[in-house]
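Chemist: This structure is in structure tokens; I'll ask about it shortly.
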């Protein structure tokens, strides 16, 4: 219980802590209070209205925010189109299944109509991700604003820096530490897998070809055998090359923001190798147990705290970057 109390105390001061030092000090609550006072209300109302009509949008917005922040910081570089034959972040395999681009474009168009050239695409991603999670009954968190948009987007950087579903614990932790996040952040942010879906080809190696021998007998031994057999069913992932079928990230609860994802990990039913990796480390497993055995609101609090930290990774503020008029292209100068 002392561990839980300490974690909750950390969350209470997290918003202030992430604003300390460097460019991050320029992120502030209500940044648009005078320049575009209706901005956050417009974004929230659109997200609340559309979330019930767009299944899975909360999961994909969280993923978009995460993938954006891990490459060049939270600067909306993930939204940029390729130019001049050079592929952009959105062309990298981890981003090919993001289904949020048009959704964010629609929000941007509404905000631009209200306040042309004022609100960044990076802030829209951060705010929409938070508002969508709240709209499905998940936690809320502080979103200080003032991020500016980047002007560079490189496919290879996304391939190199976005954590892969095949990573082991050491690789995962290093990728988070590279972004000034710690072990607890890794555990709490992975909790976003409580919502959403995944394509079969992102984990079928665990079902059919884990060591290279091939066949259903060559399954990942860390994956529960009953769950593996379930995933190999004809209506799930019947072949190792299926790249179109989707399955629930958190079976039976993928639309609900709750702790069932962590319960699944303890039963060896994490979908990705990176999920299963979280119980291979003693400290990580202890954090998972603190969620499963803790008070009902504990996960919401620690997840919120880590989202605040993630949303401040290497942000551009002040005169850095620009405020894009259209999120998919840099401004013409």
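Cβ atoms here come from the backbone N, Cα and C positions, even for glycine.
TrEMBL does not curate its annotations; it predicts them automatically.
The following feature annotations were taken from TrEMBL:
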SIGNAL    1-25  signal peptide
SITE      63  site 'Transition state stabilizer'
ACT_SITE  67  active site, proton acceptor
BINDING   193  heme b binding site
BINDING   194, 250, 258  Ca(2+) 2 binding site
Chemist: To the nearest Å, how far is the Cα of residue 250 (Ca(2+) 2 binding site) from the Cα of residue 67 (active site, proton acceptor)?
Modeler: 20
Chemist: Which residues in the same chain, at least 6 apart in sequence, have a Cβ under 8 Å from the Cβ of residue 194 (Ca(2+) 2 binding site)?
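Modeler: Sequence-distant Cβ neighbours: 249, 250, 253, 254, 256, 257, 258, 259, 260, 261.
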Chemist: Just to confirm: which same-chain residues, 6+ apart in sequence, have a Cβ under 8 Å from the Cβ of residue 63 (site 'Transition state stabilizer')?
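Modeler: The answer is 98, 100, 192, 196.
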Chemist: Could you name the residues, excluding 194, 250, 258, of the same chain that surround the Ca(2+) 2 site, i.e. Cβ within 8 Å of the Cβ centre of those residues, in sequence order?
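Modeler: Leaving out the recorded residues gives 191, 193, 195, 249, 253, 254, 256, 257, 259, 260, 261.
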